[in-house]
Protein chains: 2
Amino acid sequence: MPSIAGATPRIARAGYKDWGRCDLTFVELDEGTTVAGVTTQNICCSSEVELCRQNIKGGQARALVVNAGNSNAFTGRRGLEAVEAITSKVAAHLGCTQGAVFVSSTGVIGVPLPKDKAEAGLDAVFKAEPCSWEDATNTIGTTDTFAKGATASAMIDGVKVNLVGIIKGSGMIAPDMATMLGYIFTDAAVEAPFLQQLLSEANSSSFSCITVDSDTSTSDTVLAFATGKAGNAPLGSYADAGADAFAAALRDICLQLAHLVVRDGEGAQKFIAIHVSGAAHDDSARRVGLAIANSPLVKTAIAGEDANWGRVVMAVGKAGEPADRDLLSISFGSTQVARHGLPVDGYDETPVAAHLKGQEIEIGVDLGLGTGRASVWTCDLTHGYISINADYRS
Amino acid sequence: MPSIAGATPRIARAGYKDWGRCDLTFVELDEGTTVAGVTTQNICCSSEVELCRQNIKGGQARALVVNAGNSNAFTGRRGLEAVEAITSKVAAHLGCTQGAVFVSSTGVIGVPLPKDKAEAGLDAVFKAEPCSWEDATNTIGTTDTFAKGATASAMIDGVKVNLVGIIKGSGMIAPDMATMLGYIFTDAAVEAPFLQQLLSEANSSSFSCITVDSDTSTSDTVLAFATGKAGNAPLGSYADAGADAFAAALRDICLQLAHLVVRDGEGAQKFIAIHVSGAAHDDSARRVGLAIANSPLVKTAIAGEDANWGRVVMAVGKAGEPADRDLLSISFGSTQVARHGLPVDGYDETPVAAHLKGQEIEIGVDLGLGTGRASVWTCDLTHGYISINADYRS
């Protein structure tokens, strides 16, 4: 992954867990860096998430701190004190306001983040040499099975800008309590309100369209930082030259990162894309897609390489969205198996069976009602999921 | 189970599947039998469900036919023709209207119910000797691992009335597509509108409060038939003597049946009761309870005998209902593990661990907001669930 001018990652070991590896990531951001973010809808969110929401309003960022091994969620006042100790120490180090320091934590819930370990970890990381994005990606992970990063670039009015994204987790992938934390760094100059608009738009068709197990984490956070070092004229709206190209690059990197999370979903053996069309509107299509993607019966059928389209019908019907059984069509891969509410008589099962034996599964659902469409992504539900989440204590 | 005057079950083999056992249940109901019912909310429901909804409006029943091995869902006009052939044949046999004949089917989806097999099965069942409720319960099942029946009784103004209930399935328990079908028979005299009111009320705190896997079947149906043979003065409202006692008996039998379904949930090893209090209102409590009961991470934690209350916090937070992290209290068994948004320091893990090793798990959640409360029931999520739903084709 390329370096991003104005964004310098470093890692150190705070020792939150008995891991023997680095668990604290610190990214220093040059003055002038703008920030945008989206966070979990979970009401029981962590202090870190509350801090991010607050600081995003300021639009300016000087540092990102990510703690791995302790989510610090549901830890009340003591958890908040640890977060404040971190922002205070970083602000003093960089000579910036606490409002420009962003903190995330991921790991077990209900254990206050130890303030002394965080402070000692920060002392170490301030002195560390800059590291690669790959190192940073490995450090923010918990039980992720591979490091997940993505890159993109765009031309803004003749100036090339780069984007780097790193992410960990998948819904609730860690043994105790994990989170999806994603960070995107770009050297583009983008005003904070427009960056927020672009990130929210990109989020709605990427991170908000993936699910592993329907369980919404208390700590999900995606932050985008724009250092402005590429030298383009700052983007303030879609009317600016290059704004469309940058928006496309941001959507691209968000989708890459979101797909990586699903590919590393707990116990996942197959990557499932669900394309819904003909819905009353786009958001309705997304909700129908998520109802299918969250159905344990659909996910186990795919794990079993079973073209059980009846379960897809069931999931469409329970989604609570406008649908008409007798207009519904369903396909696996490129083969339509049901059309207008009836099984397709004598459809060729050979390509369907071959498609389901693969690792990239496509399910198409046409509701036949309107022009709303959406794609969502998930993984299959396997014995691996049960082993990770139930058996790890035995 | 006791016989119910005015309700006579018979079974026969229609041969819907290669089972070598009876698969067609016919219950003849004497003239004057009233009926009430609740059916699935799934939009993609079967023709049988549509028929039941229509016929319930008439309030009178003379027969119930249950086909096992084929759900006849998503089969369009041909499926409907099979249902009409059944109601027509039964109406001719009994000399009643087709509107008094109730039909359910359960099994694979997307295959039209073979009309000839249904008609031959009816010819056989009309000649069969009456059977026990136990036999009927075994015949309506598909992959249920045990027959599920329940009884209750009540005194109505000095007259003893009996209730018998039979049920099959659990959410979507069969390999292809199953359903929850439940039937309650009573010799009490109850006017149809009041029977419907009582059944709807009982349903809201029983069948609507259980979940195995969050997947709402296309065929769920619960019907209650009151033959009136006990000789009580017909119940028409709560003002009538004995109405409260009958309502309590009906609630009791619905709850017994609902619990049996959860105990036979796919792969279930533990029965989980979730008691939510302090919610904004009762329905909000129910939705919070269902969010916990449907969380794969909560269900796998229980399977792993892990007091992972952080996952309960997560599920409360994602429920979309009023909640305040800092007012939330959680208990396992009789031990409070979190209080007012914080882990209880040094709570005794011994009774918690002992409780989780049992097969009857109680989770208490107090939201600290209001007086709304509800109980919901589910089972744990185990390797058995994956095996049943993914591995059965291999």
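A Cβ is built for glycine as well, from the same backbone N, Cα and C atoms used for every other residue.
The following features are taken from TrEMBL:
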type     : residues                                       : note
BINDING  : B:T142, B:K168, B:T179, B:E266, B:N389, B:S394 : substrate binding site
ACT_SITE : B:T179                                         : active site, nucleophile
Look up B:K168 (substrate binding site) in the DSSP assignment and report helix, strand or coil.
strand
Chain A neighbours, restricted to the binding-site residues B:K168, B:E266, B:N389, by C-beta under 8 angstroms
B:N389
What's the most sparsely packed of the binding-site residues B:T142, B:N389, counting other C-beta atoms within 10 A?
B:T142
At 10 angstroms around each C-beta, which of the binding-site residues B:K168, B:E266 has the fewest other C-beta atoms nearby?
B:E266
